Amino acid sequence: MFQTKLRNESWEDLQKMSCTTEIQVAFILSSFMTFISGLIILLIFRLIWRTVKKWQIIKGTGIILELFTSGSIRRNHVRSLHFHGRFRDRIEMLLSAQTFVGQVLVILVFVLSIGSLIIYFINSADPVGSCSSYEDKTIPVDLVFNAFFSFYFGLRFMAADDKIKFWLEMNSIVDIFTIPPTFISYYLKSNWLGLRFLRALRLLELPRILQILRAIKTSNSVKFSKLLSIVLSTWFTAAGFIHLVENSGDPWLKGRNSQNISYFDSVYLVMATTSTVGFGDVVAKTSLGRTFIIFFTLGSLILFANYIPEMVELFANKRKYTSSYEALKGKKFIVVCGNITVDSVTAFLRNFLRRKSGEINTEIVFLGESPPSLELETIFKCYLAYTTFISGSAMKWEDLRRVAVESAEACLIIANPLCSDSHAEDISNIMRVLSIKNYDSTTRIIIQILQSHNKVYLPKIPSWDWDAGDNIICFAELKLGFIAQGCLVPGLCTFLTSLFVEQNRKVTPKQTWQKHFLNSMKNNILTQRLSDDFAGMSFPEVARLCFLKMHLLLIAIEYKSLFTDGFCGLILNPPAQIRIHKNTLGFFIAETPKEVKRALFYCSVCHDDVFIPELITNCGCKSRSRQHVTVPAVKIVKKCMKGLSSHMAGQDSPPRVHASPSRISDFTTRTFPHDVEQDSDQLDSSGMFHWCKPISLDKVTLKRSRKLKHKFRNHIVACVFGDAQSALIGLRNFVMPLRASNYTRKELKDIVFIGSLDYLQREWRFLRNFPQIYILPGCALYSGDLHAANIEQCSMCVVLSPPSKPSSSQTLVDAEAILATLTIGSLQIDSSSDSSPSVSEETASCTNGHNEKSNCRKVPILIELKNPSNIHFIEQLGGLEGSLQETNLHLSTAFSTGTVFSGSFLDSLLATSFYNYHVLELLQMLVTGGVSSQLEQHLDKDKVYGVADSCTTLLSGRNRCKMGLLSLHQTILSDVNPRNTFGQLFCGSLDLFGILCVGLYRIIDEEELNPENKRFVITRPANEFKLLPSDLVFCAIPFSTACYKRNEEFSSQKSYEIIKEASQTTETHSDTNFPPTIYSVDETSYSPVYSYPSRTNSVYSANQTARNQIRTNSSITSQKPLGDNAKKNGKKISDEISDEDPFAYSEPL
C-alpha cells in the first residue's frame, strides 16, 4: 500500500517537474526569434525587390532583362504568374468565408483556438515554474491544434498582398507567440505555460463567427457581441500576463519576490482594476506586475467608460422600447411617427399639451425608427404621464400592430422642414400613409407635406377620406401664402400669424406700443357652436350682438345650405342675405375658450337685459328647447338692439350709427366700377384666379437696359435664391393669392422675380398661366439688379429664404436672405421726388403725431427666416431704437411691424388640426386666396387650365370677401361717426357698409425712436380702445364694396400727365405679353386701398339687386362728375389695355 502511494507521487513529480531558467528562456526565445527573424527577412526581400525594380527602370534594357524577356522563359513566367494568381484567388475565397469550405475552415480555426485556450486554463492550475511531462495527455492535443494553426497561418501568408503588414497583424502575432513553443515542447519533451494566454485574443473573432452561423441578425446583437468579445479577450489576456509575472517574479531578482497566485485570482484582480475598485485582497507584488497594472488601469478607464455603459444601454433599450403598447378600452391615444427628433418632439408637445392638465385626456405614442438619444429620452421622462416611445417603423405592419394604430384616434406624421431633400422627405411620409392605410383604412391621418405638388398623391389613395378627418398641412402652400398676404396688405402677415401663435413666455414691456402689441398676441382663432336663438338672424346682426353684449369678435361661420346641392363651407364676413341656421359653427377672435362659450349659452329671453359678458352663462331655460321659428328674427333683433341702446345711454359703449341718405347713395354709386369690369377679366374655370394662355419664358424675361430701367410702379419684387440643382420652393403658392379673382385685372400688381434664370426656368412651368409676371435674371445681393427692377417704386419687396442645402449650418441657412436685406435696407429713397406716390409710400408717409412727413423713406420689405433664432440679425438692421430685447421671433420688433416671417410656427398646426380641423380650414382659406382641398384636386387636371365657361362660375368664384387696410380719413370709414373708439368704428362700419373691422396698424408713437414712421400690429383691440387719426384698420371687406373716395380737386391737367406717363410705360414694355400696371384716370383719382382675398361664398342674387339699384340711382346721384375729357381718356386707356391683352379666352392646355 505504501509502495503504491509512493509510486503515484513519484509519477506526479515526474509529470510536474520544475522548469529551469534555460527551458523558460528557450520557450520565450523561440517566439521572439521567429517574429524578429521573419520580420527582418521580409524587410530584406522588400528592399531587394525595390532595388531590382528601380534598376530595371534606370537601365531600361540589359542582359538580365533580355534574359527574362526571352520567349520560353517569358512564357513560363507568365504561366507561373497565372497559376499563382488563381491559387491566391482560391485561398482568398476560403479565408473570406465566401464558400461553404471557407466557412467551415474559419469556424474550425475559431473552435480550435477556444479549445487551445481551455487547455491553457487546465494547465494553469499547476505552478508556473513547473513543466509538464510529455506524458500529459493535453500536450499532444494542443500539438495537433497548433499544427492546424500553422497550416492556416501559411494560407494567410500566401494570400496576403503586403507580407510585412500581415506579419504585424494581431492574429499573426498570436500565432507566432503560441505555435513555436508547442514544437519546442515536442523537442524538449516538456511543456510550459509561457505566452499561451495570447490565444484569448482569438475571441475577437466571435462576432464574425456568429454572423456566419446566422446566429445574430440585428445591429444591436452585432454590437453586443462585439463589445462582449472585446471585454472578455482583454480580461483573459491581461490575467494571463499577471499570472505569468507574479508566479515567476522579476527576472533581475531571480524570482525572489514571486507569489503563488492562481489564474482565477488574476482574472479577479484584472476585473477589479477594470472597474477601478480594488479591495486589496489580491495585489501585484512584482515590479513588472505593478507597472502593467498602471498602464492597464488607464486603458480600463477608457474601456469601462465607453463600452460598459453602452452594453447596459443596449439591454435597457431592448427591454424598454421594443415592447407593445397596450390600448385600454376608453383611453384615447394618438400615434406620432415620421421625423422624431428633439426639435420636432419639443415643438409638438409644447403645442399639443398647452391646454390645462385636467383637459388633456389623450396619450401620445411616438413610433421612432431609431432609439431616442439621451436628450430626447429626457424629454419623454419629463412628459412621462402623456408620452410613450416605441421603437419601430410605420412601414412595417408588425410595428403598427405593436402600437395598436387601428385603435388610435389619429396618426400624425411629422416632416422635417429643414431637411436638404424636401422631395425625398415628402415621399417617405407618403409611403408611411400608404402603409398605415393598407394596414387599417379607417385610421385618421394628419400629415405634414413640404412641397405642394406632392399633395396630389394623397387624395388618390383609395381609403383617403376628407370627411373622416384626414388632412394635409402643406408647409410651402401656407408659408408662401402668408408672405403673399403680407405683400397685398402690409402687416397682415403678422396679424394672421399672431392668431395662431401662443406665447407662454412673460415679457415686461417698457413702452406703450409694446404693451398694446403683447396684449394683442393673447388672441387666437377659436370655434364655437352658436346659440339656436341666433337662428334666422343675419350675420351682421349676430356679429354686432356678440361684439356688444359678449365682447366677442365673430369673423366667419360654417354655412350649410338648406338645399341638397347647395353650398357648404366657410364664409368670411357673410353678407346680410345669409341667415344663421341652427347648430351653426362660428369662428371668433378671442383669448380663451371660456369667452366664446357665451355665444353658445346666449338666450334671448334670459340674457336680453344682461350687458355684462361674464353673466352670460348656461341658463337652462326651457324656451331654448323650442324651435326658434315661432318668433320672427326681425322682432328679436329689434328687441335686442333696443335693450342695447337703452344700456349704452349711460355708458361709453359705441352707439348705433346712422347714415344720411346722401352717404348711402354715395356708397352705392361706388360699387359700380367693380361690376363693370367683372365680365372683361379672364379667369380660370373655377373662377378663383386670373388666368391666361401659357406664356413662354422668353417673353417675360427682362433684359438689362443701359438707358432706362423698367418702368414698373406699385409692383411686387420677389428675391429668389437658388440654382439649377436647388429644390423647388413652389412659387406658384406665392403667386396664386396675388392673382385671386376678387381683384379686377387693373388692380393686379406686377410681380418681378429676381434670381437665377436656371432656377426660375424650372419654376416657370407652374407660373406660365398667370398674367403680369416677369423675371429679371440677377441676384438680390447686387444693388444694380435691384435698381433695374425699379425697386424704389415697388409696393413691397419680398426676400424668400433659399432652399436648404445638405450639411448646412442652421445659423447660416438664412445668410443670403440676411445679406439681401442688408443691401435693400441701405437704399435710401427720396419720396419728395416722386410725382405720384405708390401704395407703400402712402403708408410709409402717413402723418405722425406732429403732422409731418419724412422726406426719405426705405423700401418696404418682408423677409422670410427659416431659422427663427436668426431674428437678432434682422433686429440690428431695423433702425428702431429701444426695441424689444428678445431672441424669440414672435416677440421681436421686426415681427410686430410686419417685416419678418418664419414658418416655424406651422408645427403647431399639427396639434391644432387634431383638436379642431375647422381652424386649419379657415387658415387655408385666408392665406391661399380661396384654394380648398376640393379645388386642389381639380387644379392638377389639365382641363381646368382654361377660362371660366359661364357667367355663373365667374360670379361664384369672384364674389368673395377680401381683407384690406383702410385709413380713417381717406376712405369710406370717414363716413362713420362717431369713431373715437374701436367699438364705435366696428359697429358703424358693419351697419353702414357691411365691413368687419378686426385690427389696427398703428404708428409707433415715440417719434424720436421711430424716424421712419414704422407701424405695429394690434390684433382685435378692446371695445373701448381709443383710436388715433393716423391709424389704419384691418378690415374684411365685401367684394362689391369700393372703399375709396372721389378726389374733388383732381384736375384734368393732372389726368393728362398721368395718361402720358402710362402711354410711355406701355411703349417701353411692348416686347412683353402683359405690360406693367397702368393707372387709369379713375384709379389715380382715388386713394389706394390694400386688399387681399379670402375664400367665401354667399347668395349672389343680392348682388344683382344692388347692381339694378346702382343703375337706377346713377342718374340722380349728387356726386360731382369728372370732366368729359377725363371720362374719355379713362375709357381710352381701358380700351388700350383690352386690345393689348393677347390672351383673351385662351384654350385649355
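Each position is counted from 1, following the chain as shown.
Quick reminder: no glycine exception, Cβ is built from N, Cα and C everywhere.
Positions annotated as compositional bias 'Low complexity' by Swiss-Prot: 829-845.
Helix, strand and coil counts from DSSP across the domain 'RCK N-terminal 1' (331-473) read 56 helix, 31 strand, 56 coil. The feature domain 'RCK N-terminal 1' is assigned by Swiss-Prot to 331-473.
Annotated domain 'RCK N-terminal 2' per Swiss-Prot: 713-884, in sequence order.
Annotated topological domain 'Cytoplasmic' per Swiss-Prot: 46-101 (among others), in sequence order.
Sequence annotations record features per position, and here Swiss-Prot assigns topological domain 'Cytoplasmic' to 160-163 (among others) based on sequence analysis. Secondary structure of the topological domain 'Cytoplasmic' (160-163), assigned with DSSP and counted as helix (H, G, I), strand (E, B) and coil, comes to 1 helix, 0 strand, 3 coil.
The topological domain 'Cytoplasmic' annotation in Swiss-Prot covers 210-226 (among others). The average per-residue pLDDT of the prediction over the topological domain 'Cytoplasmic' (210-226) is 82, rounded to a whole number.
Annotated topological domain 'Cytoplasmic' per Swiss-Prot: 313-1149 (among others), in sequence order, evidence recorded as sequence analysis.
Sequence annotations record features per position, and here Swiss-Prot assigns transmembrane segment to 25-45 (among others).
Sequence annotations record features per position, and here Swiss-Prot assigns transmembrane segment to 102-122 (among others).
Sequence-remote contacts of a segment are chain residues at least 6 beyond its ends whose Cβ falls under 8 Å from one of its Cβ atoms, and for the transmembrane segment (139-159) they are 87-88, 91-92, 94-95, 105, 108-109, 112-113, 115-116, 119, 132, 166, 171-172, 175, 178-179, 182-183, 185-186, 191. Sequence annotations record features per position, and here Swiss-Prot assigns transmembrane segment to 139-159 (among others) based on sequence analysis.
Non-local neighbours of the transmembrane segment (164-184) in the same chain are 26-27, 30-31, 34-35, 38-39, 42-43, 46, 116, 142-143, 146, 149-150, 153, 156-157, 192, 194-196, 198-199, 201-202, 204; each lies 6+ residues outside the stretch with a CB under 8 Å from one of its CB atoms. The feature transmembrane segment is assigned by Swiss-Prot to 164-184 (among others), with sequence analysis given as support.
Positions annotated as transmembrane segment by Swiss-Prot, on the basis of sequence analysis: 189-209 (among others). A Cβ distance under 8 Å defines the sequence-distant neighbours of the transmembrane segment (189-209), meaning residues of its chain 6+ beyond its ends; these are 17, 19, 23-24, 27-28, 31, 97, 106-107, 110, 113-114, 116-117, 120, 123-124, 128, 131-134, 136, 139, 142, 170-171, 173-174, 177-178, 181, 216, 222, 225-226, 228-230, 232-233, 236-237, 239-241, 243-244.
Summarising the annotation, Swiss-Prot assigns transmembrane segment to 227-247 (among others) and lists sequence analysis as the type of evidence. Packing against the transmembrane segment (227-247) from elsewhere in the chain are residues 117, 120, 124, 127-129, 193-198, 200-207, 258-263, 266-267, 269-271, 274, 284-286, 288-289, 292-293, 296, 303, 307-308, 310-311: each is 6 or more residues past its ends and has a CB under 8 Å from a CB in it.
Annotation comment: Swiss-Prot describes 292-312 (among others) as transmembrane segment.
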Which bits of the chain, at least 6 residues beyond where the transmembrane segment (292-312) starts or stops, bring a Cβ under 8 A of a Cβ in it?
223-224, 227-228, 230-231, 234, 238, 241-242, 245, 270, 273-276, 284
Please count the residues of the topological domain 'Cytoplasmic' (210-226) that DSSP assigns to helix (H, G, I), strand (E, B) and coil.
11 helix, 0 strand, 6 coil
